[in-house]
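The block underneath contains the structure these notes are about, expressed in C-alpha cells.
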C-alpha cells in the first residue's frame, strides 16, 4: 500500500502534461504549430524568449507572497523577494523612473489601480475615444472606467486623422478633469507628451500615460519617453516589450508611488503572481541589452515598409502612414469590411484583427478596417524583404476578396497564399 502511494505521488510530481492530460497537450501542441506556421500581425502580439517561458513555468507557481518585498504576510519569501526586487530595479533602470510596481496582473488592472489611487466614483477624467484608437479602460461606456467615472472623450481631426490637441485643451478647460489619460491601442503616430503635461498643468489634472503598446519602442529609444512628463505611466509587459502578459506602473513621485502600491495591494489584488513577476524580470533584463535597441528600430522600420507597400498596392493607410509598430488599413475603397478581411487573411495564415477606423460608420463587430503590427514577425527575424512579400500577399487575398462574389470564390487565392506563407515561415523557426 505504501509503495503504491509513493508511486502515485511520484507520478503526480513527474508525469508530463502529455501523459496526464492528452486533450490539453494536443491543444497546446496545436497552438505551437499554428504560431510557427502562420504570420502574426496582431499589433499587441509578440513571441517571448525561451527564458521567459521557463521563468513563467517554474516552481514559483507554487509560492504565495502577499505584500511587497520585505513586507510579506507569509513566510519563506526570501527568494521571491529577490526576484521582485530584480524586476523593480530593472524596470526603473530601463525607463528611467524612480519607482515601479510590477505586481499588476494585467493592463486593465494596472489602470484600475490608477483610478483607485487618484479618483473617487463620479469624478471627471479625459481619455482617447475607443473609435479613435483608445482603450476600453480609458473610459469606454461598457467598461468599469466608463461606468464609475465621468469620462470626457477626445479624438482625432477628421481631415488628417491626427490627434486633435486643440480639442484636448478646449475640453480640459471646459470640464476641469482630475485626470487625463494619454496613450492608446490603435494610434500610429508620435504622442506629444510635453503638450499633454502642459494642458494637464493648466487645469490641475494628473497626467497618466498608458504606453502599453509602445513600451518596447520607448525602451529601445525609438519613441519619446513619457516618464519625464507624466505623473504616472502604466504599461503592459507583453506587446512590444516582449515579456509575459501582465502590467506595471511607473512614477517619479514618491507620494503617488505609495498611493499606487496601496491601490494594487490590498486595493485590487491579493497574492501576486510570482511566476509572472519572474518572467517580467527576465524580459526587462533582455530589454536592457544593446540588442533590444536594434530590435525596436527594426519593428518601426518594418511597419513603415509594410505601410508604404500596401499604399503602393492601392490600400488606404489611416493618417497616411506610421511612426511606430502598427498601422490601420481603411478598406472602404476596396468595398470590404474588417471582419471579412480578417477572416480571409486568417484562412491564408496571415493573422490580424478587424479594427474600427476613425469616424467609422460600421459597428465594432464589423469595422471598416484592419490593424496590422510588426513586433512578433520582427522577433522571428522577418526583415524588409519579408515585409514586402507580406504586403503583396495581403494584397493578393484582399484584392481577390474584392473581386469575388462571396468568400468561397476566393478559396483558390487564399490557398495559394497559404502555401507562400508556409514557405516564408519555414525559414524562421522558433522554440526548436
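Using the three backbone atoms N, Cα and C, a Cβ is placed for every residue, glycine included.
These features come from Swiss-Prot:
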{"type": "BINDING", "residues": "130, 134, 135, 136", "note": "(6S)-5,6,7,8-tetrahydrofolate binding site"}
{"type": "SITE", "residues": "238", "note": "site 'Plays an important role in substrate specificity'"}
{"type": "MOD_RES", "residues": "239", "note": "N6-(pyridoxal phosphate)lysine"}
Using a 10 Å radius on the Cβ of the residue listed as 'N6-(pyridoxal phosphate)lysine', the other Cβ atoms enclosed count 28
Would you list the other residues of this chain near (6S)-5,6,7,8-tetrahydrofolate - those whose C-beta lies within 8 angstroms of the C-beta centroid of 130, 134, 135, 136 - in sequence order? 127, 128, 129, 137, 138, 139, 140, 143, 184, 185
Around the Cβ of residue 130 ((6S)-5,6,7,8-tetrahydrofolate binding site), other Cβ atoms found within 10 Å total 23
Protein Cβ atoms within 10 Å of residue 135 ((6S)-5,6,7,8-tetrahydrofolate binding site), excluding its own: 23
Please name the residue among the recorded positions 136, 238 whose C-beta has the most neighbouring C-beta atoms within 10 angstroms. 238
Cα-Cα separation of residue 130 ((6S)-5,6,7,8-tetrahydrofolate binding site) and residue 238 (site 'Plays an important role in substrate specificity'), in Å? 21
